[in-house]
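Undergrad: The structure that follows is given in the form of C-alpha cells.
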Amino acid sequence: MAKAKFERIKPHVNVGTIGHVDHGKTTLTAAISHVLAKTYGGEAKDFSQIDNAPEERERGITINTSHIEYDTPSRHYAHVDCPGHADYVKNMITGAAQMDGAILVVASTDGPMPQTREHILLSRQVGVPYIIVFMNKCDMVDDEELLELVEMEVRELLSEYDFPGDDLPVIQGSALKALEGQPEWEAKIIELANALDSYIPEPQRDIDKPFLLPIEDVFSISGRGTVVTGRVERGIVKVGDEVEIVGVRTTTKTTCTGVEMFRKLLDEGRAGENCGVLLRGTKRDDVERGQVLAKPGSINPHTTFESEVYVLSKEEGGRHTPFFKGYRPQFYFRTTDVTGTIELPEGVEMVMPGDNIKMVVTLICPIAMDEGLRFAIREGGRTVGAGVVAKIIA
C-alpha cells in the first residue's frame with residue numbers, strides 16, 4: 001500500500017495522554033479521534049485499535065505506544081497513548097515521543113492518584129512544557145462540589161511541581177459518553193480541542209533554533225584545513241558564520257569557511273542534514289568526536305546535573321543485578337561515551353533493573369548540554385539505562 005503523502009499545510013503539534021491507570025486515557029484518545037473526525041473530517045480510530053498498541057524499540061528499550069493523528073481547523077496533531085505505566089516512564093525518559101503538551105486525565109470519581117503525581121513529576125523532569133487537564137467520568141458524579149474539590153486538588157498538585165496550576169485549562173467531561181455520541185459530552189471534547197489550540201503555543205521548528213552540530217568525525221584536508229562532519233541537530237550554519245567548539249576541552253571560537261554535502265560545496269547546512277563544515281585556522285588535533293559545533297553563546301559545557309533515569313530490565317538486555325552508589329558507568333551523549341559517577345537520592349541504597357530513579361551525575365569531562373538532553377548509560381558498549389538531563393548543577 002502506498003504511503004499517504006504528508007501534507008504540511010497546518011502547524012504540526014505533538015501531544016499525548018498521561019495519568020493514572022484506568023482513569024480513561026485510551027477512551028479519551030478514542031473520543032478525541034471520533035469527535036474531531038465527525039466534526040472536522042478525518043479518519044476515526046476506535047478504542048481497540050488504540051488499546052492494541054504495537055511494540056516499539058527505542059535505544060533497545062521495549063515500549064508499547066499507540067500513535068494517532070487528528071486535525072482541528074488550525075492544526076494537525078500527532079497524539080501518543082501508552083497502555084501501561086512502565087511504557088509512559090520509558091517513553092518520557094527516552095524522548096521516544098516528544099510532547100509539546102500533555103493531556104492529564106484524572107477520573108473525577110477518584111481524584112488524583114499515585115500515578116497522576118508520578119506522571120506530573122516526570123513531565124516536569126523531562127521538560128513537557130504544557131499540561132491541560134481533562135477531568136473524566138464527570139457523568140458519574142452528581143455532586144457539583146465534589147467536582148470542584150477534585151479540580152482544586154489537581155490544580156494544587158500541578159502547582160506543587162511548578163506548573164501554573166491556577167491558570168491552566170481544566171475541562172470536565174466524559175470520554176465514554178462522548179464516544180457514545182451524546183452531544184453535551186461531545187461538546188466537551190471540542191472544548192478540549194480548543195484548549196489544545198489556544199493553550200499550547202506552536203512549537204519552534206528545529207531549523208529556527210540556534211545552530212548545533214554534534215561532531216562525529218574530524219578530517220584534515222591539505223591546503224584547506226580541518227573539516228568536521230556530523231548531522232546538524234538544529235538551526236542553520238552558513239559560510240562565514242562564527243561558531244564555537246564546545247565540550248570536552250576549553251571552548252574555542254572559529255569561523256565556518258565552507259559547507260559540503262556529498263562532496264558538493266554549499267552555502268549552508270540545515271537541521272537534519274549530514275554535512276562537513278570547514279573550520280578556519282583550526283588544527284586537526286584541536287577538535288574531537290564528542291564535541292559540538294554551535295552558534296556562539298547558545299550552549300555551554302557542564303559536568304554535574306540531576307537526571308531522571310530508566311534502568312533497563314534483564315529482559316530488555318539490561319543488567320541482571322542492582323547497582324549501588326559509587327557506580328561508575330559510561331554516559332553516552334550524542335556521539336560519545338564519558339565516564340561519570342552517580343549519587344542516589346537520600347534513603348535509596350540500590351537501583352534494580354526495571355526501576356526509574358532520579359540521580360545526580362558527575363562526568364569526568366564537560367559535555368555541551370541543555371536541560372532536556374537525552375543520554376544512554378552503558379557498560380562496555382552495552383546499553384543498561386536511558387536518561388534525560390532534568391536540571392544542570394555545574
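Glycine is no exception: its Cβ is also placed from the backbone N, Cα and C atoms.
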Undergrad: Quick test of your reading of Swiss-Prot: among 50-54, 60-64, 155-159, where does it put region 'G2'?
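TA: So the range that Swiss-Prot calls region 'G2' is 60-64.
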Undergrad: With a Cβ cut-off under 8 Å, give me the same-chain residues at least six positions beyond the ends of the region 'G3' (81-84) that come close to it.
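TA: Apart from its flanks, the region 'G3' (81-84) reaches 16-17, 21, 25-26, 29, 50-51, 53, 63-66, 68, 91.
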Undergrad: Could you give me the DSSP helix, strand and coil counts for the region 'G3' (81-84)?
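TA: Reading the DSSP string over the region 'G3' (81-84) gives 0 helix, 1 strand, 3 coil.
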Undergrad: Could you check the binding-site residues LYS25, HIS85 and say which one's CB has the most other CB atoms within 10 Å?
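TA: Of LYS25, HIS85, the one with the most crowded Cβ is LYS25.
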Undergrad: Sequence-remote contacts (6 or more beyond its ends) of the region 'G2' (60-64), Cβ cut-off under 8 Å?
TA: 53-54, 82-84, 87, 90-91, 94, 96, 310, 312, 315-317, 383, 386
Undergrad: Same-chain residues six or more away whose CB lies under 8 A from the CB of CYS82 (GTP binding site)?
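TA: Those within reach of CYS82 (GTP binding site), by Cβ under 8 Å and sequence separation of 6 or more, are GLY16, ALA53, ILE63, ASN64, THR65, SER66, TYR88, ASN91.
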Undergrad: Apart from its near flanks, which chain residues at least 6 from the ends of the region 'G4' (136-139) lie with a Cβ under 8 angstroms of it?
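TA: Residues 23-24, 27-28, 105-109, 147, 172-177, 185 contact the region 'G4' (136-139) from elsewhere in the chain.
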